[in-house]
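Visitor: Dumping the structure here so I can ask a few things about it.
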Amino acid sequence: MAVAVEGARRKERILCLFDVDGTLTPARQKIDPEVSAFLQKLRSRVQIGVVGGSDYSKIAEQLGEGDEVIEKFDYVFAENGTVQYKHGRLLSKQTIQNHLGEELLQDLINFCLSYMALLRLPKKRGTFIEFRNGMLNVSPIGRSCTLEERIEFSELDKKEKIREKFVEALKTEFAGKGLRFSRGGMISFDVFPEGWDKRYCLDSLDEDSFDIIHFFGNETSPGGNDFEIYADPRTVGHSVVSPQDTVQRCRELFFPETAHEA
C-alpha cells in the first residue's frame with residue numbers, strides 16, 4: 001500500500017519542448033522579455049527545452065545574450081537536434097558531410113545553385129546556401145535580406161509557391177538518395193538526411209524517462225519543419241500561431257488559475 005501511495009505522489013516528469021521562430025520569437029528576431037520571463041516561471045513547474053533548425057549561434061542570439069540560452073533552458077537542440085546541449089553541457093554533434101559523403105553533397109549544392117541561377121525574383125541578396133552541421137539551409141532570396149525584403153519574398157512565395165516548386169524539383173532529382181526537405185520560416189527550406197528532422201532530438205530524450213513531452217510549434221502542417229515531431233506519438237503536439245499564443249497555451253496547461261488573465 002505504501003508503494004502505491006508513493007507512486008501516486010510521484011511528481012510527473014514533464015518536458016515542454018519549443019520550436020524557436022514563430023513559436024518563441026518572431027522569425028529571426030529576439031525573444032520578447034515578457035515571453036522570456038514567463039518561460040522561467042514555467043521552468044519552476046516543468047523542464048523546458050528548444051529545438052530549432054538554425055545553428056546554435058543563431059538560437060543563442062535570439063533567446064538571450066552570449067551563452068545564456070544553455071542556462072535558461074534545460075535542453076537546447078540546434079540544427080534539429082544534431083547539436084545537443086543538456087543542462088549547459090554539449091552532449092553531441094553530428095555532421096552532414098560525414099553522413100552523406102562529399103560526392104552527394106556537391107551534387108546537391110551544385111543542383112541548388114543551378115536552379116537558383118535561373119530564378120527571377122524581385123530581389124536577390126546573399127547567402128543562398130548556408131552549410132550547417134546537420135543540414136543545408138537553402139534560401140532563393142538569400143539569408144542576408146532585410147526584414148522588409150524577407151516579408152516581400154514570403155508574400156510572393158505564398159502566391160507563386162517558389163520554395164514548394166524548388167523542393168519538388170529536388171525530390172525528383174535526388175529520389176532514392178535518403179534526403180528529406182522541409183520548409184522553415186519565411187524565406188528558406190532545409191535539406192537533411194532521412195531521420196534528421198526534429199524527431200532526431202527525441203532519441204536522446206528517451207533515456208531521461210519523461211512521462212510527457214509537450215511540443216509547441218507553428219510549422220505543423222505536412223511539409224513544415226515541425227510536422228514530424230508534432231505528429232510523433234512520443235510527443236503531445238500543440239500547433240501555435242505566435243509567441244503570445246504559445247504563452248497562453250502554456251498558461252492553460254500549467255497555470256490554469258491565471259489563464260484568464262492573458
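Residue numbering: from 1, along the chain as shown.
For all residues, glycine too, the Cβ spot is worked out from N, Cα and C.
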Visitor: For the alpha-D-mannose 1-phosphate site that Swiss-Prot assigns to Arg132, Arg143, Arg150, Met186, Ser188, Asp190, which of the candidates Arg13, Arg28 is also assigned?
Guide: Arg28
Visitor: Hey, which of Ser139, Ser242 does Swiss-Prot call phosphoserine?
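Guide: Comparing Ser139, Ser242 with the record, Swiss-Prot tags Ser242 as phosphoserine.
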Visitor: Check the Cα distances from Arg143 (alpha-D-mannose 1-phosphate binding site) to each of the recorded positions Asp19, Asp21, Asn218, Tyr230, Thr235 and keep only the ones within 10 Å.
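Guide: Those close enough: none at all.
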Visitor: In whole Å, note down how far the CA of Asp21 (active site, proton donor/acceptor) lies from the CA of Asp190 (alpha-D-mannose 1-phosphate binding site).
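Guide: It is 14 Å, counting Cα to Cα.
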Visitor: Have a look at the binding-site residues Arg132, Arg150, Thr235 and say which one has the shortest Cα distance to Asn218 (Mg(2+) 1 binding site).
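Guide: In terms of Cα distance, Asn218 (Mg(2+) 1 binding site) lies closest to Thr235.
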Visitor: Can you tell which of the recorded positions Asp21, Asp232, Thr235 lies nearest to Met186 (alpha-D-mannose 1-phosphate binding site) in space, using Cα positions?
Guide: Asp21
Visitor: Return the member of Arg132, Thr235, Ser242 nearest to Asp21 (active site, proton donor/acceptor) in space, with distance defined Cα to Cα and candidates limited to these recorded positions.
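Guide: Nearest by Cα distance to Asp21 (active site, proton donor/acceptor): Ser242.
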